Amino acid sequence: MMIELALNILDLVENSIKAKASFIEITLDESTINDILTLKITDNGQGMDNDFAQSIKSPFITTRTTRRVGLGIPFIRQITEMCEGEFKIASEKGKGTKLEAVMKNSHIDRPPIGDIAGAIRSLIVLNPDIDFKFTYKKDNSDYSIDSREWKEVLGEVPINSLDVQKLLKKDINEGLKNLGR
Amino acid sequence: MTTLNELKKLKEKAVKELKTREGKATAKITVGMGTCGIAAGARDVTSSIMEEIEKRNLADVIVSQSGCMGYCEQEPLVEVEKDGQKVIYKKVDAEGAKRIVAEHVVNGNIVGDMVFSSEK
Ligand SMILES: Nc1ncnc2c1ncn2[C@@H]1O[C@H](COP(=O)(O)OP(=O)(O)O)[C@@H](O)[C@H]1O
Ligand SMILES: [Mg+2]
(Lines of atoms letter the chains of each structure in order from A and count residues from 1; the text may use other names and numbers.)
(Lines give C-alpha, C1' and ligand atoms only; values in the text may rest on other atoms or scores of the structure.)
(Ligands and ions follow the chains in the order given, each with its own letter.)
Protein backbone atom coordinates (compact mmCIF):
# COMPACT_ATOMS: atom_id res chain seq x y z
CA MET A 1 0.00 0.00 0.00
CA MET A 2 1.21 3.48 -0.91
CA ILE A 3 1.70 5.56 2.19
CA GLU A 4 -0.17 8.81 1.79
CA LEU A 5 -1.24 11.07 4.64
CA ALA A 6 -4.64 11.56 2.99
CA LEU A 7 -5.32 7.86 3.58
CA ASN A 8 -4.21 8.06 7.22
CA ILE A 9 -6.56 11.00 7.61
CA LEU A 10 -9.48 9.02 6.15
CA ASP A 11 -8.64 6.18 8.52
CA LEU A 12 -8.37 8.40 11.60
CA VAL A 13 -11.61 10.16 10.70
CA GLU A 14 -13.23 6.73 10.49
CA ASN A 15 -12.42 6.36 14.21
CA SER A 16 -14.26 9.63 14.86
CA ILE A 17 -17.23 8.45 12.81
CA LYS A 18 -17.28 5.17 14.70
CA ALA A 19 -17.26 7.22 17.91
CA LYS A 20 -20.46 8.91 16.64
CA ALA A 21 -18.95 12.35 16.22
CA SER A 22 -21.25 14.94 14.66
CA PHE A 23 -18.45 17.43 14.06
CA ILE A 24 -14.93 16.64 12.93
CA GLU A 25 -12.23 19.22 12.40
CA ILE A 26 -9.17 18.43 10.30
CA THR A 27 -6.24 20.83 10.12
CA LEU A 28 -3.02 20.54 8.17
CA ASP A 29 -0.44 23.17 8.98
CA GLU A 30 2.61 23.24 6.79
CA SER A 31 5.31 25.64 7.87
CA THR A 32 8.19 25.70 5.44
CA ILE A 33 9.83 28.38 7.59
CA ASN A 34 9.94 26.15 10.67
CA ASP A 35 10.07 22.97 8.58
CA ILE A 36 7.15 21.44 10.47
CA LEU A 37 4.03 19.70 9.26
CA THR A 38 1.23 19.34 11.81
CA LEU A 39 -1.93 17.31 11.38
CA LYS A 40 -4.73 17.83 13.88
CA ILE A 41 -7.99 15.93 14.04
CA THR A 42 -10.56 16.92 16.63
CA ASP A 43 -13.96 15.34 17.12
CA ASN A 44 -16.92 15.61 19.47
CA GLY A 45 -17.54 11.86 19.56
CA GLN A 46 -17.93 9.63 22.59
CA GLY A 47 -14.22 9.81 23.45
CA MET A 48 -12.41 7.38 25.72
CA ASP A 49 -10.68 7.16 29.06
CA ASN A 50 -7.40 9.00 29.03
CA ASP A 51 -5.50 5.87 30.12
CA PHE A 52 -6.92 3.96 27.21
CA ALA A 53 -6.18 6.85 24.85
CA GLN A 54 -2.52 6.79 25.86
CA SER A 55 -2.33 3.03 25.55
CA ILE A 56 -3.60 2.82 21.96
CA LYS A 57 -0.39 4.36 20.70
CA SER A 58 1.10 0.91 21.19
CA PRO A 59 0.29 -1.45 18.31
CA PHE A 60 -1.29 -4.20 20.37
CA ILE A 61 -4.40 -2.48 21.60
CA THR A 62 -7.55 -2.29 19.55
CA THR A 63 -11.18 -2.86 20.30
CA ARG A 64 -11.41 -4.56 16.95
CA THR A 65 -10.46 -8.21 16.55
CA THR A 66 -9.79 -8.39 12.82
CA ARG A 67 -6.41 -8.13 11.15
CA ARG A 68 -4.70 -4.77 11.15
CA VAL A 69 -2.99 -3.28 8.13
CA GLY A 70 -0.53 -0.37 8.06
CA LEU A 71 -3.03 2.19 9.33
CA GLY A 72 -4.54 3.19 12.63
CA ILE A 73 -3.17 5.21 15.51
CA PRO A 74 0.03 3.19 16.15
CA PHE A 75 0.97 3.68 12.54
CA ILE A 76 0.59 7.45 12.49
CA ARG A 77 2.53 7.57 15.74
CA GLN A 78 5.28 5.55 14.10
CA ILE A 79 5.38 7.94 11.15
CA THR A 80 5.75 10.96 13.43
CA GLU A 81 8.63 9.28 15.24
CA MET A 82 10.40 8.38 12.03
CA CYS A 83 10.03 12.02 11.00
CA GLU A 84 11.56 13.48 14.19
CA GLY A 85 8.17 14.65 15.36
CA GLU A 86 5.69 13.54 17.98
CA PHE A 87 2.20 12.24 18.35
CA LYS A 88 -0.24 13.41 20.98
CA ILE A 89 -3.71 12.23 21.81
CA ALA A 90 -6.12 13.68 24.35
CA SER A 91 -9.58 12.35 24.95
CA GLU A 92 -12.40 12.71 27.38
CA LYS A 93 -15.30 10.33 27.71
CA GLY A 94 -18.48 11.92 26.46
CA LYS A 95 -16.66 14.96 25.12
CA GLY A 96 -14.44 13.95 22.25
CA THR A 97 -10.94 13.31 21.06
CA LYS A 98 -8.03 15.38 19.83
CA LEU A 99 -5.13 14.00 17.84
CA GLU A 100 -1.99 15.87 16.89
CA ALA A 101 0.73 14.49 14.67
CA VAL A 102 3.84 16.60 14.19
CA MET A 103 6.48 15.81 11.58
CA LYS A 104 9.62 17.41 10.26
CA ASN A 105 8.24 18.62 6.95
CA SER A 106 11.31 17.97 4.82
CA HIS A 107 12.09 14.61 6.42
CA ILE A 108 12.78 11.91 3.85
CA ASP A 109 10.31 9.55 5.56
CA ARG A 110 7.53 12.13 5.69
CA PRO A 111 4.79 10.59 3.53
CA PRO A 112 3.34 12.71 0.74
CA ILE A 113 0.07 14.39 1.67
CA GLY A 114 -1.55 12.81 -1.39
CA ASP A 115 -5.06 13.51 -2.63
CA ILE A 116 -6.33 15.48 0.33
CA ALA A 117 -8.85 17.40 -1.81
CA GLY A 118 -10.50 14.14 -2.84
CA ALA A 119 -10.44 12.84 0.72
CA ILE A 120 -12.16 15.91 2.18
CA ARG A 121 -14.74 16.05 -0.59
CA SER A 122 -15.68 12.42 -0.17
CA LEU A 123 -15.92 12.79 3.62
CA ILE A 124 -18.34 15.70 3.23
CA VAL A 125 -20.42 14.05 0.49
CA LEU A 126 -20.49 10.50 1.83
CA ASN A 127 -21.34 11.56 5.40
CA PRO A 128 -24.00 14.24 4.92
CA ASP A 129 -25.11 14.00 8.55
CA ILE A 130 -21.66 14.81 9.92
CA ASP A 131 -20.13 18.29 9.79
CA PHE A 132 -16.54 18.81 8.76
CA LYS A 133 -14.22 21.73 8.98
CA PHE A 134 -11.01 21.45 7.03
CA THR A 135 -8.18 23.95 7.12
CA TYR A 136 -4.93 23.87 5.22
CA LYS A 137 -2.39 26.40 6.39
CA LYS A 138 0.74 27.02 4.46
CA ASP A 139 3.00 29.58 6.09
CA ASN A 140 0.98 32.81 6.03
CA SER A 141 -1.83 31.67 3.73
CA ASP A 142 -4.68 29.33 4.41
CA TYR A 143 -7.72 27.69 2.90
CA SER A 144 -10.68 26.58 4.93
CA ILE A 145 -14.01 24.92 4.24
CA ASP A 146 -16.78 24.39 6.79
CA SER A 147 -19.69 22.16 5.78
CA ARG A 148 -21.89 23.90 8.37
CA GLU A 149 -21.66 27.16 6.40
CA TRP A 150 -22.54 25.34 3.20
CA LYS A 151 -25.51 23.62 4.81
CA GLU A 152 -26.76 26.90 6.17
CA VAL A 153 -26.90 28.36 2.67
CA LEU A 154 -28.31 25.17 1.19
CA GLY A 155 -31.26 24.83 3.56
CA GLU A 156 -33.36 21.86 2.44
CA VAL A 157 -31.05 21.07 -0.49
CA PRO A 158 -28.85 18.11 0.51
CA ILE A 159 -25.10 18.70 0.60
CA ASN A 160 -24.62 15.41 -1.26
CA SER A 161 -26.67 16.46 -4.27
CA LEU A 162 -24.76 16.30 -7.52
CA ASP A 163 -24.44 20.01 -8.26
CA VAL A 164 -23.22 20.71 -4.73
CA GLN A 165 -20.71 17.89 -5.10
CA LYS A 166 -19.30 19.54 -8.20
CA LEU A 167 -19.06 22.90 -6.48
CA LEU A 168 -17.36 21.35 -3.45
CA LYS A 169 -14.78 19.78 -5.73
CA LYS A 170 -14.15 23.09 -7.44
CA ASP A 171 -13.89 25.04 -4.19
CA ILE A 172 -11.49 22.62 -2.52
CA ASN A 173 -9.33 22.06 -5.60
CA GLU A 174 -9.04 25.76 -6.33
CA GLY A 175 -8.50 26.67 -2.69
CA LEU A 176 -5.62 24.24 -2.38
CA LYS A 177 -4.21 25.16 -5.77
CA ASN A 178 -3.99 28.78 -4.63
CA LEU A 179 -1.80 27.57 -1.78
CA GLY A 180 0.46 25.87 -4.28
CA ARG A 181 -0.79 22.32 -3.75
CA MET B 1 -16.50 34.80 -1.60
CA THR B 2 -17.46 33.69 -5.07
CA THR B 3 -18.26 30.09 -4.12
CA LEU B 4 -20.88 31.24 -1.63
CA ASN B 5 -22.63 33.23 -4.35
CA GLU B 6 -22.49 30.27 -6.69
CA LEU B 7 -23.87 28.14 -3.89
CA LYS B 8 -26.82 30.50 -3.37
CA LYS B 9 -27.67 30.39 -7.07
CA LEU B 10 -27.32 26.64 -7.11
CA LYS B 11 -29.67 26.40 -4.17
CA GLU B 12 -32.43 28.37 -5.87
CA LYS B 13 -32.21 26.13 -8.90
CA ALA B 14 -32.10 22.97 -6.80
CA VAL B 15 -35.16 23.94 -4.76
CA LYS B 16 -37.20 24.24 -7.96
CA GLU B 17 -35.95 20.87 -9.10
CA LEU B 18 -36.73 19.24 -5.79
CA LYS B 19 -40.35 20.29 -6.21
CA THR B 20 -40.73 18.73 -9.64
CA ARG B 21 -38.66 15.60 -9.11
CA GLU B 22 -39.51 14.72 -5.53
CA GLY B 23 -35.74 14.30 -5.20
CA LYS B 24 -36.05 10.57 -4.67
CA ALA B 25 -32.91 8.46 -5.01
CA THR B 26 -33.12 5.53 -7.41
CA ALA B 27 -29.96 3.86 -6.14
CA LYS B 28 -27.63 4.01 -3.17
CA ILE B 29 -23.98 2.99 -3.38
CA THR B 30 -22.11 2.34 -0.13
CA VAL B 31 -18.34 1.93 0.03
CA GLY B 32 -16.70 0.18 2.99
CA MET B 33 -14.24 2.74 4.35
CA GLY B 34 -12.96 0.97 7.43
CA THR B 35 -9.21 0.48 7.87
CA CYS B 36 -9.10 -2.65 5.71
CA GLY B 37 -11.17 -1.04 3.00
CA ILE B 38 -8.94 2.03 2.85
CA ALA B 39 -5.81 -0.13 2.84
CA ALA B 40 -7.22 -2.19 -0.01
CA GLY B 41 -8.02 0.87 -2.15
CA ALA B 42 -11.50 2.05 -1.12
CA ARG B 43 -10.48 5.67 -1.58
CA ASP B 44 -9.71 5.18 -5.27
CA VAL B 45 -12.92 3.21 -5.65
CA THR B 46 -14.88 6.09 -4.12
CA SER B 47 -13.20 8.64 -6.40
CA SER B 48 -13.94 6.48 -9.41
CA ILE B 49 -17.63 6.12 -8.44
CA MET B 50 -17.99 9.86 -7.84
CA GLU B 51 -16.31 10.65 -11.16
CA GLU B 52 -18.57 8.30 -13.05
CA ILE B 53 -21.67 9.76 -11.39
CA GLU B 54 -20.54 13.25 -12.33
CA LYS B 55 -19.73 12.27 -15.89
CA ARG B 56 -23.10 10.60 -16.39
CA ASN B 57 -24.92 13.29 -14.43
CA LEU B 58 -26.67 10.76 -12.19
CA ALA B 59 -28.40 13.21 -9.88
CA ASP B 60 -30.60 10.52 -8.31
CA VAL B 61 -27.80 8.27 -7.04
CA ILE B 62 -26.54 8.60 -3.48
CA VAL B 63 -23.02 7.59 -2.46
CA SER B 64 -22.40 6.76 1.15
CA GLN B 65 -19.70 5.16 3.29
CA SER B 66 -19.76 2.54 5.99
CA GLY B 67 -17.22 1.18 8.44
CA CYS B 68 -15.76 -2.30 8.52
CA MET B 69 -18.32 -4.81 7.22
CA GLY B 70 -16.41 -7.74 8.72
CA TYR B 71 -15.07 -9.29 5.52
CA CYS B 72 -11.69 -7.63 5.47
CA GLU B 73 -10.05 -10.02 3.00
CA GLN B 74 -12.79 -9.22 0.45
CA GLU B 75 -12.27 -5.44 0.57
CA PRO B 76 -12.82 -3.07 -1.08
CA LEU B 77 -16.52 -3.88 -0.72
CA VAL B 78 -19.21 -1.88 -2.49
CA GLU B 79 -22.92 -2.29 -1.82
CA VAL B 80 -25.54 -1.27 -4.33
CA GLU B 81 -29.15 -0.84 -3.25
CA LYS B 82 -31.47 -0.60 -6.21
CA ASP B 83 -35.02 -1.73 -6.98
CA GLY B 84 -35.40 -3.12 -3.47
CA GLN B 85 -32.39 -5.38 -3.86
CA LYS B 86 -29.01 -5.20 -2.13
CA VAL B 87 -25.91 -6.51 -3.88
CA ILE B 88 -22.44 -6.48 -2.32
CA TYR B 89 -19.45 -6.51 -4.66
CA LYS B 90 -16.02 -7.68 -3.53
CA LYS B 91 -12.43 -6.75 -4.38
CA VAL B 92 -13.59 -3.75 -6.35
CA ASP B 93 -10.99 -1.58 -8.04
CA ALA B 94 -11.36 1.74 -9.89
CA GLU B 95 -12.26 -0.01 -13.14
CA GLY B 96 -14.69 -2.38 -11.43
CA ALA B 97 -16.33 0.62 -9.77
CA LYS B 98 -17.04 2.14 -13.17
CA ARG B 99 -18.57 -1.12 -14.37
CA ILE B 100 -20.80 -1.24 -11.30
CA VAL B 101 -22.09 2.25 -12.04
CA ALA B 102 -22.52 1.68 -15.78
CA GLU B 103 -23.91 -1.84 -15.75
CA HIS B 104 -25.79 -2.13 -12.46
CA VAL B 105 -26.72 1.37 -11.36
CA VAL B 106 -27.54 2.73 -14.83
CA ASN B 107 -28.66 -0.36 -16.75
CA GLY B 108 -29.91 -2.54 -13.92
CA ASN B 109 -27.69 -5.52 -14.73
CA ILE B 110 -25.82 -7.05 -11.80
CA VAL B 111 -22.10 -7.45 -12.52
CA GLY B 112 -21.97 -11.21 -11.97
CA ASP B 113 -18.23 -11.81 -11.75
CA MET B 114 -17.76 -9.37 -8.88
CA VAL B 115 -20.68 -10.29 -6.64
CA PHE B 116 -19.91 -11.18 -3.02
CA SER B 117 -23.50 -11.58 -1.88
CA SER B 118 -26.95 -10.42 -2.73
CA GLU B 119 -30.29 -10.28 -0.98
CA LYS B 120 -33.78 -9.15 -1.80
N1 LIG C 1 -11.63 9.50 17.73
C2 LIG C 1 -11.82 8.47 18.57
N3 LIG C 1 -12.86 8.49 19.45
C4 LIG C 1 -13.07 7.46 20.30
N5 LIG C 1 -12.30 6.33 20.35
C6 LIG C 1 -11.26 6.26 19.49
C7 LIG C 1 -10.96 7.31 18.58
N8 LIG C 1 -9.87 6.97 17.89
C9 LIG C 1 -9.50 5.76 18.34
N10 LIG C 1 -10.33 5.32 19.31
C11 LIG C 1 -10.22 4.04 20.02
O12 LIG C 1 -8.92 3.55 19.84
C13 LIG C 1 -8.94 2.27 19.23
C14 LIG C 1 -7.76 2.09 18.31
O15 LIG C 1 -7.89 2.88 17.15
P16 LIG C 1 -7.11 2.47 15.84
O17 LIG C 1 -5.66 2.47 16.11
O18 LIG C 1 -7.58 3.32 14.73
O19 LIG C 1 -7.51 0.95 15.59
P20 LIG C 1 -8.96 0.37 15.20
O21 LIG C 1 -9.80 1.50 14.69
O22 LIG C 1 -8.64 -0.60 14.15
O23 LIG C 1 -9.50 -0.25 16.43
C24 LIG C 1 -10.28 2.18 18.56
O25 LIG C 1 -10.72 0.85 18.44
C26 LIG C 1 -11.16 3.01 19.48
O27 LIG C 1 -11.60 2.22 20.57
MG1 LIG D 1 -9.16 2.96 13.30
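Backbone N, Cα and C atoms are what each Cβ position is placed from, and that goes for glycine too.
TrEMBL entries are annotated by machine, without manual review.
Here's what TrEMBL has on this protein:
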- A:1-107: domain 'Histidine kinase' (DOMAIN)
With DSSP helix as H/G/I and strand as E/B, how many residues of the domain 'Histidine kinase' (A:1-107) fall in helix, strand and coil?
30 helix, 33 strand, 44 coil
Within the domain 'Histidine kinase' (A:1-107) only, compute the mean pLDDT.
89
